[in-house]
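Asker: Before anything else, here's the structure in question.
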Amino acid sequence: MKVLDRLEEWLITFLIGAATLLIFVAVVHRYSLDLSAEWGWDVIYDWLFEINLSWTQELCIYMFVWMAKFGAAYGVRTGIHVGVDVLIINLPEWARSKFVIFGLLAGALFTGLVGSFGANFVWHLAHTDQITPDLEMPVWIVYLAIPLGSFLMCFRFLQVAWSFIRTGELPRHEHAHVEGLDEEVERAQATGQPEPVFLGEAVRLAEEREHIHGGEREKPDQTPGQGPESDDRGEKRP
C-alpha cells in the first residue's frame, strides 16, 4: 500500500512541478521575443522565433487535468477535502457512524460509476484516429485520466470506509505534519538519539508555556480599602 501512496504523491509532484516549469519557460520566451523585437536585437529575435513553444499551453492543460484527478484521490486518503459536517457532528455516535459510512460508500459508488463510464468512453475513443491539435497525440491518452483517477478515488473511499469501520476514525490533515517524521522519531527512540522537533507541536507548547507563565505574573486586582498598602479611603499610606 505504501508503494501506491508514494507513486501517487510522486506523480502529483512531478505533474505540478513540470507544468509550472513549462509555464515559466513559455512566459520568459514570449517576453524575450517581444523585447528583442522592440530593441532591435535581430539575431536573438531570429533565434527565439525558431523555437516553437506553442504546444506548452496544451500540455500544461493536460498535465493539470491529470494532477486534479489524482489529487482528488490523494485528498480522500489524507482527509483534506472540504466538507460540511455541522449536522453530522451533532448527531448521536451511532447515527453519526452510519451517516459517515453511507457518505463514504456513496462516494465510492459515484466515482466507480464515473470510472466505468470513462473507461468505456476511452475504449471507444482509442479505436478512432482523433489527435490533439498541437501535440498531435492520441486523444484517448488525455481522457485516460478519467477512469484511472476515478477508480483510484473509488479505492480510496473504500479504504477510508474500511478504516473507519475498524477504528472509528477518519483521516485528518494536519498542516504542521511533515511526512517521514514519524519514522524519524521511532528511529531516534530505538537508537537513543534526540528526537526531531515537530514545528507545530513546538509552537503549541511554547504558546501554552507563555500563557501559563503570563498568568502567574499577573497579580489579582486589589479593591480599595483592602490590602496592607491602602487605608480605609483606598489611598496609599505614606
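Backbone N, Cα and C define each Cβ position, glycine as well.
Dumping what TrEMBL says about this protein:
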| type | residues | note |
| --- | --- | --- |
| COMPBIAS | 209-221 | compositional bias 'Basic and acidic residues' |
| DOMAIN | 41-166 | domain 'Tripartite ATP-independent periplasmic transporters DctQ component' |
| REGION | 209-238 | region 'Disordered' |
| TRANSMEM | 12-31 | transmembrane segment |
| TRANSMEM | 99-119 | transmembrane segment |
| TRANSMEM | 139-158 | transmembrane segment |
Asker: Do you know the mean pLDDT across the domain 'Tripartite ATP-independent periplasmic transporters DctQ component' (41-166)?
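Answerer: Summing pLDDT over the domain 'Tripartite ATP-independent periplasmic transporters DctQ component' (41-166) and dividing by its length gives 93.
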Asker: Who are the long-range neighbours of the transmembrane segment (99-119) in its own chain, taking Cβ under 8 Å and residues 6 or more past its ends?
Answerer: 76, 88, 91, 143, 146-151, 153-154, 157-158, 160-161, 164-165, 170
